[in-house]
Amino acid sequence: MAKQGAKKRVEENKSHLKFHLAALVSILALHVVLRFYVFRSTLIWWHYVSIVAGSISNLICYKGIQLCAAPTYGEQGELVDGGLDLATARGLNGYMHDLLYVTLLTQSLVLVSDWFYLIFSVVPGFLAYKLWTDVLAPYIFTPQEG
């Protein structure tokens, strides 16, 4: 009975990954066509940097999510584990989803105005917040014994 749940999770994860890949490819294609062909007259060096950085970020996040969802098979080829349930994005998997969504949103909105690049400031801001609340503050403000 447990293997049925694992098989179901494998299929759900495949569907989840297929959706994300379609979103990545379609937004990247839309961005390249509009930015580099239609709005070519407003193109500056920053747009090249942003498309490369955004694509690398998306690729790293997608591959990370794909690794989390990878099923484990036994020696005889039987399904042992269906991989992480991507529908409940927790931990690092959740952060990878968030970064993927922020990057896709930014790549879509910068076609309207370059000011939407400011959305990326959320990422280092959140990183600084997590670094302070989870690492630095507990280390600094924990009373030392002895």
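Backbone N, Cα and C atoms are what each Cβ position is placed from, and that goes for glycine too.
If one looks beyond the transmembrane segment (21-38) by at least 6 residues along the same chain, the residues whose Cβ comes under 8 Å of a Cβ in the stretch are 47, 51, 55, 58, 62, 100, 104, 107-108, 110-111. According to TrEMBL, the feature transmembrane segment maps to 21-38 (among others).
Annotation comment: TrEMBL describes 44-62 (among others) as transmembrane segment. Only residues 6 or more beyond the boundaries of the transmembrane segment (44-62), in the same chain, are considered here, and those with a CB under 8 A from a CB of the stretch are 17, 20-21, 24, 28, 31-32, 35-36, 96-97, 99-100, 103-104, 106-107, 110, 114, 117.
Note on the transmembrane segment (99-120): residues 20, 23-24, 27-28, 30-31, 34-35, 39, 46, 50-51, 54, 57-58, 61-62, 65 of its chain, located 6 or more positions outside it, place their CB under 8 angstroms from a CB of the stretch. Annotated transmembrane segment per TrEMBL: 99-120 (among others), in sequence order.
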